[in-house]
Ligand SMILES: Cc1cc2nc3c(=O)[nH]c(=O)nc-3n(C[C@H](O)[C@H](O)[C@H](O)COP(=O)(O)OP(=O)(O)OC[C@H]3O[C@@H](n4cnc5c(N)ncnc54)[C@H](O)[C@@H]3O)c2cc1C
């Protein structure tokens, strides 16, 4: 039976939901190894061991180099673990290292995966979620980038308290890195979940008319993230980080609430794989209703506060 390697560039005290989903996926395989390109705190090791990971390979971090360090660490981890499949996140950074290593090792890479079976059949979204395809690698090590919210986070009860075997990663640091970080600045941290990983996303468009308050309030009532259409980000009502769509981020939450967004094809490209879509629009003919599971024809300024109030009343 195949064995799996999960790779993280870094792992904080509390592994993120997307990281726990990857560990859950790895537990499906005969052997699961985790490699991290920086130091791993003990609290994170305790969480990892609860997912049935057999071995943890750790590379001492080097703040000065960026992608070169991750590439060297992952290449060494693939060699050391002898894994058949390598599971990484679906962000740009991991897609790049997966693709570069797959070429270097004469392997295969599949992106945007939503599942990997125990016999290495990968299910992935195609054409912005209009189709789902199943694919199998025909050559070498398989690198798979897995979309967040595709796998149910499920620690392995039988692994709780299990001793994790920790080994240093036997790798050679890149001698002359192509990129050197000269400065970093931490972004202001929001209490809300990360947009690409959130289980619930509430998104607003031109229809909010400059006021994202009701969108943010409903997102907070549902412990969700806030997203936006390009019309809203271009208007400067919210940061460009929140843009969902062809030229923004792709989200695939359990619940997506679209408010005052018409549903242009470029917008749908970023959200139509959401499990349940609720659309609020005052125009009954808005294209967003074509892909919505539930539609509310009405003024978002009235609908959103009522929804938030009712949710809080039921939570109390
Ligand atoms: C190459 C390219 C890439 C693009 N990439 C993206 C992208 O990544 N993401 C993206 O979003 N767009 C993208 N766009 C733009 C896209 O085509 C649309 O113009 C954009 O999505 C429209 O945003 P919107 O739905 O908020 O605005 P509109 O299309 O103006 O729709 C506003 C909607 O709000 C409704 N409304 C108004 N007031 C209310 C109210 N009070 N209550 C309820 N409903 C109300 C209206 O009925 C309308 O349906 C791209 C375009 C191009 C050409």
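Any Cβ shown, glycine's included, is placed from N, Cα and C.
Note: TrEMBL annotation is automatic and uncurated.
Database features, via TrEMBL:
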DOMAIN    4-185  domain 'Electron transfer flavoprotein alpha/beta-subunit N-terminal'
BINDING   206, 229, 230, 243, 244, 245, 246, 247, 281  FAD binding site
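Once Cβ contacts within 10 Å are tallied over all protein chains shown, the binding-site residues 246, 281 are led by 281.
Residues 206, 229, 230, 243, 244, 245, 246, 247, 281, recorded as contacting FAD, have a largest CA-CA distance of 23 Å. The binding-site residues considered are 206, 230; of these, 206 has the fewest other C-beta atoms within 10 angstroms of its C-beta. Averaged over the domain 'Electron transfer flavoprotein alpha/beta-subunit N-terminal' (4-185), the predicted model has a pLDDT of 89. If you take the C-beta of residue 244 (FAD binding site) and look for same-chain residues 6 or more apart in sequence within under 8 angstroms, you find 195, 201, 203, 227, 228, 229, 250, 251, 267, 270, 271. Reduced to three states, the DSSP call for residue 230 (FAD binding site) is helix.
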